[in-house]
Amino acid sequence: MAEGEESKKMNLQTSYFDVVGICCSSEVSIVGNVLRQVDGVKEFSVIVPSRTVIVVHDTFLISPLQIVKALNQARLEASVRPYGETSLKSQWPSPFAIVSGVLLVLSFFKYFYSPLEWLAIVAVVAGVFPILAKAVASVTRFRLDINALTLIAVIATLCMQDFTEAATIVFLFSVADWLESSAAHKASIVMSSLMSLAPRKAVIADTGLEVDVDEVGINTVVSVKAGESIPIDGVVVDGSCDVDEKTLTGESFPVSKQRESTVMAATINLNGYIKVKTTALARDCVVAKMTKLVEEAQKSQTKTQRFIDKCSRYYTPAVVVSAACFAVIPVLLKVQDLSHWFHLALVVLVSGCPCGLILSTPVATFCALTKAATSGFLIKTGDCLETLAKIKIVAFDKTGTITKAEFMVSDFRSLSPSINLHKLLNWVSSIECKSSHPMAAALIDYAISVSVEPKPDIVENFQNFPGEGVYGRIDGQDIYIGNKRIAQRAGCLTDNVPDIEATMKRGKTIGYIYMGAKLTGSFNLLDGCRYGVAQALKELKSLGIQTAMLTGDNQDAAMSTQEQLENALDIVHSELLPQDKARIIDDFKIQGPTMMVGDGLNDAPALAKADIGISMGISGSALATETGDIILMSNDIRKIPKGMRLAKRSHKKVIENVVLSVSIKGAIMVLGFVGYPLVWAAVLADAGTCLLVILNSMILLRDEREAVSTCYRSSTSSPVKLEEDEVEDLEVGLLQKSEETSKKSCCSGCCSGPKDNQQK
């Protein structure tokens, strides 16, 4: 696929190629040897399961067609993949295979007319040319692949005057190879659909001209009509609409966008007209990074794959030597029935190609990674996928992960008679303007709502203390804002902190304001749980996974969250510093493989310590995204158990593929040893095993069959299905109308349990 990801200074372009000649990982070195000798190729990578080669090259030195020519000189059957190809081409077998098959069928009529037997030889000649070309290319590189082994089997059967079997070998091998290529191409279509999400054209709002997205710079205003895809990441500067973000986040419901809302490339404007000011170049958009991440993951090898590849290096030589022994030793011993032993040697020889076994892991991994990516669950490496299937403990951060991080100030007070509330709020909001914590935005919004204008320019020496709070110097005063621990930072003994928490119970997050060592103010913050958290925790428990919550918030706030989740969490730790979270993760890892889910700076050490770290891609900080092994593209925690089930299914498919590839070849060899050495069956088993492995792995690309939920939530006019006695409670999770209504709850628990004290 000639993809327009160019660097003007270096004239670089990324091109994608379908390379049918890649059967398994053993061909990767062949591709490498070819491309390293081509002038202008800067870097390349090979994705074996989809038979894809990705090449970054200088367009002034070499074109995609010249790269195709170089690959085809090695008989790799390469072609340029059109950009974002998403349709499956109906392709017939090669003319060689068709002619060979017709002649083979006609040769079976030899029992009625004996001269037709010679048509089998013609069938061999007609169909053997593609096999011969690939076999010669393989031998010249001092390798014995399945084409070379099959050619040896064909020549040997011809020498034994078994013409019909020779023709059968050629025809079955050609058809199986065609079916295998078609299946691999079908698997690659899903990956191609990811790359074609973002449109290639954008309309400049000022002029109405349509230009290539690669020519659109940052801060350019583009227009997007209803029904069109947003071309580049940006911010809405005019208009409003509903946007379908399912392609990136997996979120089924439209998201409302107004002025200053962030929008992403490849999402669809469902209604309305908007103008978007771009905030990134096309190559730096979320969808581009997402595609790159998936490609990198698919190129990576799992531990299982590395082990199988290592074993396969010794498998083929050992089998070839064994086949030679079965052919030579009977001759030396002057055994009478040499034909049987020669056929047995050929069966063993054809079984010497371990392609099916080598493909068993990467194809399943490829399909699982692709399916996860299309669901908004980005897994960075194959090893992460393997580890994900073995997780025993999942730890969650609270703020921004379990809860929405949409704080609301419920109480702000000055505790010093000499400082009025207006002045204190001005100090706090000015300092918080320099912080990226979700609580900071709530304090700023509260200040603006009471007509206090933050002035970040007056803040000096701003400092952030993870797990504690922030500091800033204003008007010659040292101001500290944070939780209990900030008191020690301010020089105030915690024992001297007034017990103001008694009036701030019921799960509210409490903040303190110090001027020097003196406590001068306090505030309360309210936060609610995300939709679906309780349901996700129950699903994890059904998978036999233990859940925990790690938070730097106070004990009351932590226990209030636990109550909202109907005590779904197994373990709750509160008032933790970032290093405390990392230490607890170490303790969990002693019990079993551990996963950490977080979204902020305070989670980075714990994410790094865990066997698997999941960062929230939409709400998460840049550091958390880099630290995490998996990126959750939306804030829907329910994708985590879904991703874990996919990982377990992938692990199961790998085992099935290994058993399938070994057992089929084993069965053919057993038949040979007990007196039925069928060479054509051995050829069919070898090529057929690869096909079965691919088809079995492609089951992972299907949607997982899920039970119909009793409760549905929608941001549009979609129907809501509740139990009959709960029809009135249509605003589950919002402020309840009465005490009677508040006692009712959503039947599935997807709205996070009891709804007491939740805010609209």
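Backbone N, Cα and C define each Cβ position, glycine as well.
According to Swiss-Prot, the protein has these features:
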type	residues	note
TOPO_DOM	1-89	topological domain 'Cytoplasmic'
TRANSMEM	90-111	transmembrane segment
TRANSMEM	115-134	transmembrane segment
TOPO_DOM	135-141	topological domain 'Cytoplasmic'
TRANSMEM	142-162	transmembrane segment
TRANSMEM	164-184	transmembrane segment
TOPO_DOM	185-310	topological domain 'Cytoplasmic'
TRANSMEM	311-333	transmembrane segment
TOPO_DOM	334-341	topological domain 'Extracellular'
TRANSMEM	342-359	transmembrane segment
TOPO_DOM	360-654	topological domain 'Cytoplasmic'
ACT_SITE	D397	active site, 4-aspartylphosphate intermediate
BINDING	D599, D603	Mg(2+) binding site
TRANSMEM	655-674	transmembrane segment
TOPO_DOM	675-678	topological domain 'Extracellular'
TRANSMEM	679-698	transmembrane segment
TOPO_DOM	699-760	topological domain 'Cytoplasmic'
REGION	739-760	region 'Disordered'
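Cα of D603 (Mg(2+) binding site) to Cα of D397 (active site, 4-aspartylphosphate intermediate): a span of 7 Å.
All chains included, 34 other C-beta atoms sit within 10 angstroms of the C-beta of D603 (Mg(2+) binding site). Taken residue by residue with DSSP, D603 (Mg(2+) binding site) is part of a helix.
Nonlocal intrachain contacts for the topological domain 'Extracellular' (334-341), taken as residues 6+ away from its ends with a CB within less than 8 angstroms of a stretch CB, comprise 160, 326-327, 675, 677. You'll find the Cα of D599 (Mg(2+) binding site) roughly 8 Å from the Cα of the residue listed as 'active site, 4-aspartylphosphate intermediate'. Using a 10 Å Cβ-Cβ cutoff, the residue listed as 'active site, 4-aspartylphosphate intermediate' registers 25 neighbours. Within the same chain, residues 23-26, 48-49, 144-146, 149-150, 152-153, 156-157, 160, 308-309, 312, 315-316, 319-320, 322-324, 326-327, 657-658, 660-662, 664-665, 668-669, 672-673, 677-679, 681-683, 685-686, 689-690, 692-694 sit at least 6 positions outside the transmembrane segment (342-359) and bring their C-beta atoms closer than 8 Å to a C-beta of that stretch.
Residues 23-24, 49, 146, 150, 153, 157, 165, 168-169, 172-173, 176-177, 179-180, 183-184, 186-187, 343, 346-347, 350-351, 353, 355-356, 359-360, 363-364, 366-367, 653, 656-657, 660-661, 664-665, 667-669, 671-672 of the same chain lie 6+ residues outside the transmembrane segment (679-698) yet bring a C-beta within less than 8 angstroms of a C-beta in it. The residues of the topological domain 'Extracellular' (675-678), classed with DSSP into helix (H, G, I), strand (E, B) and coil, number 0 helix, 0 strand, 4 coil.
Under 8 Å from some Cβ of the transmembrane segment (164-184) lie the Cβ atoms of residues 20, 23, 49-51, 91, 93-94, 96-97, 100-101, 103-104, 107-108, 110, 117, 120-121, 123-124, 127-128, 130-131, 150, 153-154, 157-158, 679-680, 683-684, 687-688, 690-691, 694-695, 698, all in the same chain and six or more residues away from its ends. If one looks beyond the topological domain 'Cytoplasmic' (135-141) by at least 6 residues along the same chain, the residues whose Cβ comes under 8 Å of a Cβ in the stretch are 30, 33, 74-75, 147-148, 150-151. Secondary structure from DSSP puts D397 (active site, 4-aspartylphosphate intermediate) in a beta strand. Helix, strand and coil counts under DSSP for the topological domain 'Cytoplasmic' (1-89) come to 22 helix, 31 strand, 36 coil. All protein chains shown were included, and the count of other CB atoms within 10 Å of the CB of D599 (Mg(2+) binding site) stands at 27.
Each residue in the topological domain 'Cytoplasmic' (185-310) has a pLDDT score, and their mean in this model is 84.
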